[in-house]
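Peer 1: Quick one: the structure is below, questions incoming.
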Amino acid sequence: MTGLNTAGADRDLATAELNRELQDKGFLLTTTEDIINWARNGSLHWMTFGLACCAVEMMQTSMPRYDLERFGTAPRASPRQSDLMIVAGTLTNKMAPALRKVYDQMPEPRYVISMGSCANGGGYYHYSYSVVRGCDRIVPVDIYVPGCPPTAEALLYGILQLQRRASGAPARW
């Protein structure tokens, strides 16, 4: 499939394949781990760690135009209820321990998306004495979303790639 509206194509293919298998055999043979991963893939609970202007673009993904929740994600205020942290903005040396503390409070499996040039590598403030040159020096990052600031579409694409990666399919980045 080509075009802009291919977000649910993989899910539709998987559903069609599952229906064919159920019609042929009448039962489905799988593991508990596969079922749990399938359920987790469709229900990412994310929390924001917005530090600068990228956080404004992050908020736009939850607005009606993009409606991030239609992909099975939901915002959470507590790290103990989240399995995805989106780091957006300039990370300073003073803020780095707080970022690590929040990350450590998240339950397993936990994912991190680094959003924007500042979170990816320090951005415009890269050579400043007080800026961490990328949040991947503090926490392991799964997906990098480039841009200054990245658009809401770029973040949405990054979240969809994380869902593909969590399901075991290769990410298309």
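All residue numbers here begin at 1 and follow the chain in the order shown.
From the backbone N, Cα and C atoms, a Cβ is placed for every residue, glycine too.
Predicted, not measured: the structure shown is a model, and the values here were computed from it.
According to Swiss-Prot, the [4Fe-4S] cluster binding site annotation covers C53, C54, C118, C148.
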Peer 1: So among the binding-site residues C53, C118, who's got the most Cβ atoms within 10 Å?
Peer 2: C118
Peer 1: Return the single residue from the binding-site residues list (C54, C148) that has the minimum number of other CB atoms within 10 Å.
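Peer 2: Lowest Cβ count within 10 Å among the binding-site residues (C54, C148) is C148.
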Peer 1: If you take the centroid of the Cβ atoms of C53, C54, C118, C148, the listed [4Fe-4S] cluster site, which other residues of that chain have their Cβ within 8 Å of it?
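Peer 2: Leaving out the recorded residues gives A52, A88, G89, T90, M115, G116, S117, A119, G123, G147, P149, P150.
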